[in-house]
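Some features that Swiss-Prot has for this protein:
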COMPBIAS  74-86  compositional bias 'Basic and acidic residues'
COMPBIAS  372-383  compositional bias 'Basic and acidic residues'
COMPBIAS  472-481  compositional bias 'Basic and acidic residues'
COMPBIAS  489-508  compositional bias 'Low complexity'
COMPBIAS  644-660  compositional bias 'Gly residues'
COMPBIAS  743-770  compositional bias 'Low complexity'
COMPBIAS  777-792  compositional bias 'Low complexity'
COMPBIAS  811-825  compositional bias 'Gly residues'
COMPBIAS  832-851  compositional bias 'Gly residues'
COMPBIAS  867-878  compositional bias 'Low complexity'
CROSSLNK  LYS297  ubiquitin cross-link
CROSSLNK  LYS396  SUMO2 cross-link
CROSSLNK  LYS489  SUMO2 cross-link
MOD_RES   THR188  phosphothreonine
MOD_RES   THR315  phosphothreonine
MOD_RES   THR592  phosphothreonine
REGION    50-86  region 'Disordered'
REGION    363-401  region 'Disordered'
REGION    466-524  region 'Disordered'
REGION    609-894  region 'Interaction with PRMT1'
REGION    625-660  region 'Disordered'
REGION    718-894  region 'Disordered'
MOTIF     371-389  motif 'Bipartite nuclear localization signal'
Amino acid sequence: MRPMRIFVNDDRHVMAKHSSVYPTQEELEAVQNMVSHTERALKAVSDWIDEQEKGSSEQAESDNMDVPPEDDSKEGAGEQKTEHMTRTLRGVMRVGLVAKGLLLKGDLDLELVLLCKEKPTTALLDKVADNLAIQLAAVTEDKYEILQSVDDAAIVIKNTKEPPLSLTIHLTSPVVREEMEKVLAGETLSVNDPPDVLDRQKCLAALASLRHAKWFQARANGLKSCVIVIRVLRDLCTRVPTWGPLRGWPLELLCEKSIGTANRPMGAGEALRRVLECLASGIVMPDGSGIYDPCEKEATDAIGHLDRQQREDITQSAQHALRLAAFGQLHKVLGMDPLPSKMPKKPKNENPVDYTVQIPPSTTYAITPMKRPMEEDGEEKSPSKKKKKIQKKEEKAEPPQAMNALMRLNQLKPGLQYKLVSQTGPVHAPIFTMSVEVDGNSFEASGPSKKTAKLHVAVKVLQDMGLPTGAEGRDSSKGEDSAEETEAKPAVVAPAPVVEAVSTPSAAFPSDATAEQGPILTKHGKNPVMELNEKRRGLKYELISETGGSHDKRFVMEVEVDGQKFQGAGSNKKVAKAYAALAALEKLFPDTPLALDANKKKRAPVPVRGGPKFAAKPHNPGFGMGGPMHNEVPPPPNLRGRGRGGSIRGRGRGRGFGGANHGGYMNAGAGYGSYGYGGNSATAGYSQFYSNGGHSGNASGGGGGGGGGSSGYGSYYQGDNYNSPVPPKHAGKKQPHGGQQKPSYGSGYQSHQGQQQSYNQSPYSNYGPPQGKQKGYNHGQGSYSYSNSYNSPGGGGGSDYNYESKFNYSGSGGRSGGNSYGSGGASYNPGSHGGYGGGSGGGSSYQGKQGGYSQSNYNSPGSGQNYSGPPSSYQSSQGGYGRNADHSMNYQYR
C-alpha cells in the first residue's frame, strides 16, 4: 500500500471534483423547504383523516402522530406505540438521495415514503392528494402542483419556481411485506384485498427504499470519505454510460463494502482508488462474488440485473481508470483539468461546509434523541483521561520542528549537486565522504551514511556563509532541559552529555537527526552498554522521562554505576541507554585499554613473539603471486575480530588465531590462509612463509606453532576443541636459527584482493606461548613431528570423518633447512626446526568442516630454496580456508 502522502494529490483532485458537483446552498435550501413543507402538510392530512375516522372526541391524540425517526431500525413500524396503531397514516419518512445526503447539482427528484396502517388503495391515495393541496396552501405561500400516479402508487408534487423540483410520495404499508412472506411460507390468507389496492411491487419497492435509507445512515454515513466518493462516482455514472447500470443502490453497497473493509480511515483519493481496485478485481463479473444485499432476508445479489456484457464493460472501465490513476492522471477519470502542483492558500472559512449532512433532519415533530448527550464537564470523569486530554493539547501547541541545515541550504541554493567522494571503513561501519560545490567553493564532510554526510556538508556551507545551521536553537533548548533535570535531581553526579554536534562533522557521535544512521560505539569500537557491562555486571537502566509526540519521541535513561548516576537521551530507549553507558564509561573509565579491561577471565597477557627474547627481523617485500606483502606495518592494536581469534588470546576453535584483520577469518591477502598457518596469520607458528630471506620453519623451533597462549596439538575436530597434553620440554638449549636462506620465488598461495595487506613480521604476527614455553618440544636432536590428516570433503550437511595420526619421530639430522610439508594445515618439519606439527596452537586447521586438502611449502634442505606445491586444494561445496577457495567463501560461520 502506498504511503498516505502520495495520495495527497489524488485527494485534491477528488475534493475539487466533489466541490464542483456539490449542490449550491440555494439549491439545498430549496430542497429543504419543499421537503419540510410537504412533511408538515402530510402531518396535517393525517390529523384530518384521523379526525374524520374517530370523531372530534379523540382530537387530542392528533399531537401524538409520530414521524418515524430516520435511524429507526425497522420499516417504520418498530417505534410505533399502541395508541398509534389505529391511525390510517402512521408517518412519513425521507428516502433516496434526500435521506442519504447524496444530492448533486441538477438532482431534481426527491422522495418520501408515507406509511399506511393497511394496504394503500386508490381511494386513500385520492383522499390524501386532495387534502394535501389544502394543507400545503395552509402551511406555505409557495405554489405547488399535485399529481396522482396510481400506477406508481405515488403522489407527485412539483414546485412552480426554479429549480423545478419534483417530490414523489410513495404510499406503502408493512402489511404488504408481511402477507408476501406468509404466501411464500405456504400459509393461506384469510383476509381478501380490496379491489382498488395499489400495485404490490411498487409498495414493496417503497419498503425496500426505506430499509436502504436506514442501512445507509447506520453504515455508510459514519465512514470517512464514503459519502464523498459515492457522490463523485454518481457523477461518473452520469457522464460515462458504461457505469450507468451501477447507479443507485449497487454503487452505494460497493463503496461501503470497499471503504468499510479497510483497516484505517482513508482520504477521498485513497478511498476512490480502493473502490476502483475492488471493481477492477472482477467483483461484478459473472464468476465474481457479486454484491450481497444486506437489506434482504434471502441472499440477494444487488447487481443481479446486469447482463454479462455490462459486467465486463464496467470491469474493463474500472481497470482503465485505475491505470490512469496509477500514472497520476486521475483528473481524466474525474473529467476535470489537472490541478496545479502548488496548492493555493485557501482563505480561512469561518463556516466550513459539512459535506456529510446536506439536509438537516425533520423538525416537524419533536423526536427524543436515542442517546444521552455526552457530559463534557462531569465530575465523574477519571483524572487520567483529563490528564491525557491536557497532554494532547500541549503536544498540539508545540511549535513545528525547525529546518535542518540541509533543508535550509536547499532553500537558499536550490539544485545543488552532492557527489560521493569516497567510501571507507568496514562494511558494518562505513564512512561516506560527500562534497558539494557552492559559488565556486568546494566543501567536503564525512558521516556514517550519505544522508548524514550531506547534512554535515550543508552545515559547513552554512557556517562558511555565516548563516544559522538549524542546530543552535535545538542545542540550547536541550541544554536548558538538561539543566532543569540536574536541578531537579541533585543526586545526579554526572549527567550524560547528549552529543548533538551537527555543526561538527568530525564529532564522535552524530546528532539526533542522524544518530540512528550509524551505530553508537565507544573508542574501542564496542557497544557502550556491552562494554560497561563487562566492567560492572548487573546494572539497571531506568526510564526517567518520555516526551514528544508519537512521531518524535524523546527518551531519557539513567544508570547508576559505583554510586554515580549517568543519563542519556535519544529517540528510543536503546539509543538513550547507549548514551548513558557512554557517559559512564567516559567518566569512570576514561583511559582504560580494552584488552586489560575485560574481567571475564583474569589471565596474564601472553607476551608477543618477536619481543625482547625473539627480536623480529625486518624482511624485504616478498614476491608471492598475490602481490607484495607489507611486512613492517603492524596491524592496528586492540581490534577485536568476530568469531575465532581475538586480541592477544583467542577463544574457541583456533585459539590465538587472527589475520591482519584480527578477525579470525582467512584474510584475502593471507599467505596460506589456514588456522595460524601461513604468512598472514597473526599466530603463524611454523612454516611461516617469508618470501625473501625468511626462514622456512619458525626460528629455533618456536613452540607449538605459535598458539596464542594455548599449547597442544590443537587438532581441529568437527564438534569441539581438542588440546592434547603438552609433551615434556626438551631440557637442552634452544636451537639456533637456521642459516640465511636465499629468496624464495615460490607461489605462496597469497590471493591478494583489493587493498588488503598481509603483515608477516609484525609485533602481532607471532603470538606464541609464554617465553618460558618457547623452547621446542623436541625429544631428540633432530626430532620432528609429523601430522597427517585424512579428510572427507564434507558435503552440505554430511558427516565429516577426520583421521589424524601424529608421529613423534626422532632423527639425527641437524638443521635440515626447515622442510615443510603442509597437510591440511599441519606442518611436517624435519630437522631442528620442528616443533610439534600443529601449525597453529589452537587449531591445526584440517579444514575438516569444509573438506579440503592443501599442500603447503616444501623447502629443500640443501639449497634453501622454497618450492611451493601445486595448488591442490580440493574444496567441498561449503568453501573453506583453502588457498583456492572463492574469496566470498573466506568466512566460515559456526
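Any Cβ shown, glycine's included, is placed from N, Cα and C.
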Query - Cα separation, LYS297 (ubiquitin cross-link) to THR188 (phosphothreonine) (Å, whole number) - result: 21
Requested in this report: Please report how many Å separate the Cα atom of THR315 (phosphothreonine) from that of the residue listed as 'ubiquitin cross-link', as a whole number.
Outcome: 28
Report summary line: The most crowded of the modified residues THR188, THR315, judged by neighbouring Cβ atoms within 10 Å of its own Cβ, is THR315
Query raised in the report: How many other Cβ atoms sit within 10 Å of the Cβ of LYS297 (ubiquitin cross-link)?
Result: 8
Report task. Let me know the model's mean pLDDT on the motif 'Bipartite nuclear localization signal' (371-389). Result -> 52
